[in-house]
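Enquirer: Sequence annotations record features per position, and here Swiss-Prot assigns compositional bias 'Basic and acidic residues' to 1-10. The feature SUMO cross-link is assigned by Swiss-Prot to Lys8, Lys9, Lys24, Lys25, with similarity to another entry given as support. Marked as ubiquitin cross-link by Swiss-Prot on the basis of similarity to another entry: Lys131. Under the heading N6-acetyllysine, Swiss-Prot lists Lys8, Lys9, Lys13, Lys24. The region 'Disordered' feature in Swiss-Prot is assigned to 1-45.
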Amino acid sequence: MPPKAADKKPANKAPATASKAPEKKDAGKKTAASGEKKKRTKARKETYSSYIYKVLKQVHPDTGISNRAMSILNSFVNDIFERVATEASKLAAYNKKSTISSREIQTSVRLILPGELAKHAVSEGTKAVTKYSSSTK
């Protein structure tokens, strides 16, 4: 049976003027004075927005993009990434390997993307891996 209203103790609430938005503090300063609670740092939201924007400016320097369109493209990239990673994981499991290599990624791209799009994606991916390999030597 729940306690009656008379039995409840009043909760210590923040003043009504306090907003729910986190206060702006210096990220480097963490103070734990007596009685003060530590502020939880805001979780970072990782997106592909900056990379999408850079590619847009390379292709169409005078064109902008709305926040909604950026959000849609970000969801699209996340979806394709997840599909390729899942397929590559399955391919590695079929071949009894515990490591996903560039070969599994390439095969999964060929399986997921249709026709000409897969060919272009594979060639761009191969070019990127070659460029990375030559720069690390």
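Placement of Cβ uses the backbone N, Cα and C atoms for every residue, glycine included.
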Enquirer: Near the Cβ of Lys131 (ubiquitin cross-link), how many other Cβ atoms are there if near means within 10 Å?
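Expert: So the Cβ neighbour count for Lys131 (ubiquitin cross-link) comes to 10.
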Enquirer: Secondary structure at Lys131 (ubiquitin cross-link) (DSSP, helix/strand/coil)?
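Expert: Note: Lys131 (ubiquitin cross-link) is helical by DSSP.
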